[in-house]
């Protein structure tokens, strides 16, 4: 796989890398979507279409247009829908991550109920590399299930009290009381066994420190212990490492007839800004189809009927991965690739398959 | 009128920005003008009718009742008397040693199962020995207090003070707390009293005018009926129907000419119709008043109390006319003229209807109805109890004074021993809902109901509910149909389905219900305004052309020749505040009458007055500015004659413009009033529906029923409440698409639902028949999560030397608590936060079962029995709260609150706000669900088949508005007859890069390919309804059986069997599956082995026939236990069922 960091400028009529075939374009019509399924598999038509690794290697492209700590946007071009979708599904449901699973509540006199508080704690994304943990053995006895290799322990001990010397007439609870709000950052990591060494410098902590967990008033307190374990998103959404991971297909705008003058301006307005530009002759041309949201607004107007054809490129996936914070989005994607590979390996070595 | 203390509900208006408009923005458009009025009307509170009515009772009616029953005399001592000089209900403000207010806060009463009452105090004057003694503040029992009424401790508190009393500032009040339960006195709908109602039965050819006279003493009904073309007066206390001419003669109109003039005027047609009646009187040879009175007196049914003197027939006749017939008119100095006129009016109305059948009155017309509220019902009850109290007191006093040896007799001490009757009578009536009034022989059940606290809306809906006296079983459509006169007064959508449909109604948002007003000053005012007094008017000119009769509360008081001027002048006085704003006046040209109504129970609503001269609404921009600044209150609008209340009848005199544009378009129409806001035709519950004007109307009705079942927030004090069963939603949200009503009733602060992203598409086949597909990740993140809390009450009884106790947990050999006691503490009660599973104890009560007066027994003795409270639910629960207190009988009361947190599961019921309910059919992993370009996957997938037949277009518009709001970062409005415009919403969608139609291109989550159709995709507010699988799931293989029949028990609560009913049995018979039939109906039910003697055919035992004294013919066989039971029961009746056995094969 080859990766380029600088975004590739996309022109509307790129040099086709596979034979120019309209079947690669999903048709966006006024009230339906046509040609949604790919047909380039063996046996569908007279063409061979057999999968060829070399061909695949040659054609596959990945362009990363945006990469940040929490999110990424990249294009995956010339890949089958099933593979792209597999990556998406695995990122959502099967890439493991760490989340609070068991909450032991010693004291909770706040207004928020134990179950709700535990649920809220469970949903906090933790900034910890999931590879540092082993899977828990659900068959093990409850007393021996957790150890320093498979569990992180965090504690939350807060109590609220009145502050002295508050100016008269203050109503803001943040000024009036100490710990009037309990945030995710109040969860404190308690290293167990070997973890003392491992996490000397970077203790386990929530990715977003300011998630509100509960509100307290003087005299109320919360004291609890949290066991965080490894899990996958299909078990519970809290284990999903992504806020969302999805793709969209590359929009295609095909101007069939020249659109000029006033009409061109109106045409331009049917798309988000930057998609359609008007050249010196007053004719509209597609500047950047990637920016289009495919609102199909243009299909509503009679004056453009027959002049434009909308479509989406079926083998061009624009991925968008938003991490919850524990892993970089890149890592999540690569993990999904690895998991898919393992699945393929498993299938290949499966005794039934042989 | 603006109180110095800023009302909380008003604060929304004072914020910098209200409904997207700043205070400083100019108010000029028509739209802005009235937008603020309903918001302001809210200052009176949502249940103002109840509060006003109760306040009127406490402040005015109570004193009137006492004034009417002022004296108590004694038969023994003629100079003895007790006189009630004044009466009042203790206020919290006047806490003095001898006059106390309410002692406990309402919330304490709820928790401690007490009554929320205030003492009643009377100032009395009575004779002790020879002296007259005046006593102030003599207690007269306790009065239940309506929450948030003027006598309530919560009156006038701001939200901080309310919070300090653990009370929710949004809670509307208007209910009572008796024995710790909140009870509402429902509004009762009745036909109006003291008004003539003309009815016709076309089949039988009967025309009758009737009037229900209602006074403090009695209730009676007088009819004028037409039989064979002749008019008769009918009354329950007169044995025969009396010819009308005889009655009029008895009432002093002896001249036939005058009778003709009073009934027919100079209308020849009426005269022809009436002439026959004179013959009747002539045949009876009745010409004078004396003869007529004798005739009447002879036919009066006399019920004389023992001891009262016998009356002559003449006296009986006089008595009947004076007191029993048309009893609400009082006769002084034996001047029967008013009564005669009343009878003549009734007769005239019958004649008019005979002449023209369209003159009948409509019983279902809202103007002919009166709504009876808590205050009126309480006053009826109190008067009855007070009278009973006084008569009992009199008997006791008579007894006490006959006793010799008592030096000085003190009546007040006697009084104190009786007052519990008033306390008890009041509280009992409210707890049972049985209103039994001796003097009216009234027996009404189901007047009060427990306030439903399922959600804020259900409580609110209950406060606006109106129940009809009409029988539910009767199959008539008239009373159930929607009446055009309901417009703006009663909600057009909110009524239950099924048997009570159309009989139970709800108030519209701006409805006000009047209280009684003084009649006398109005009568005087009429005379001042140029009305000619009826007593001084010549009978001949009474019905002359152009003469209009003036009726005050249905009684003719005079006539005028200038009705238009009279009505205008009267209205002017009302608009300037000289007359109460709730007095209505209207002209009925068919009856050539002007009617003035001052009675209570009329429904009315405020409208903006349009100036007669300028043809412009009197409310102008600067008025509203004053309102916004808080300088003016709603009452100022009334005082300045800008707004007035119209009741249903007066609405007929008005031409009301819906919008200002109607006035502009049709200037020749001469509108008199302008609607404040059209959406006020709906009530509080129907007001939750976004875009209801786009829905098929029954859908709105369905939503009204379902909105009350939605789980959400209940009140700000919800976690402090300990109710039998409460449901809370964990993360309730205010709807994306609001309505103005939602803001007015503050549903956005106590919502019941969540904004779910909905995809309208078919998915998986688990969504047929309205089932919904739910996203598992959404549920994981808290969608639809709710809590159920149950109360368990444990009473600890006290005996002379013993009491029920709560010993701590029992431990096993390892010194660990046994399983059943794992979640209780040393005090024998559950530990807060602990988990209880089926079979575990949360209150380890041991009851004392020994001799109640016996000596103290040790806990482990036989005198104590273990009676612990077990947890029985299928899913574990957590102990939420434990309350230990004393109830009003000073016995220890323990309440344990158990809590369950539930995530949605298969079969849980959800509904949108458009009467579209559905159960969860499948829960799908997020990755399998479709997603759009942004990676959004739906929370709920709804099947599109739900739309075509239901025609809930409002739901679609809600989705588009909601989607636009989400993209735009704004809350949109779906107010009835208004709301955010669809075109604008679509434009927002387009601007944000979405399709104008709200349909997105989605990708299948399973294949990853694009879906071939565009999917309608966006947020819709979904409610989780209280019907949950966890509360209903039930199955059994074997289990308990009923003792008598040995058949499986019935019902989930008894772990009962699932019945193979008659129809199912028929199927099995038809199919011929005899062995299955045998198994289901006998073997799996109540199979029983009997010994049958084939000789005598009776049953024996142990292979022995006791009849034949032999075991020779005894055969063992299996029959249903019920059959055996039947045989034995027949035997006990001397019937011998004998079995003859034969071989089957």
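Every residue gets a Cβ built from N, Cα and C, even glycine.
The domain 'RNA polymerase beta subunit protrusion' annotation in TrEMBL covers B:45-414. What TrEMBL lists as domain 'RNA polymerase Rpb2' is B:193-372, B:450-513, B:550-611, B:634-678, B:1056-1140. If you look up TrEMBL, you'll see B:685-1054 marked as domain 'DNA-directed RNA polymerase subunit 2 hybrid-binding'.
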The domain 'RNA polymerase Rpb2' (B:450-513): DSSP-derived helix, strand, coil residue counts: 17 helix, 11 strand, 36 coil
When counting Cβ pairs under 8 Å to the domain 'RNA polymerase Rpb2' (B:450-513), the leader among B:45-414, B:550-611, B:685-1054: B:685-1054
Secondary structure tally of the domain 'RNA polymerase Rpb2' (B:1056-1140) (DSSP, helix then strand then coil): 32 helix, 21 strand, 32 coil
Structural state census, the domain 'RNA polymerase Rpb2' (B:550-611) (DSSP three-state): 13 helix, 27 strand, 22 coil
Secondary structure composition of the domain 'RNA polymerase Rpb2' (B:634-678) [DSSP: H/G/I, E/B, coil]: 20 helix, 9 strand, 16 coil
Local confidence of the domain 'RNA polymerase Rpb2' (B:634-678) - pLDDT mean: 87
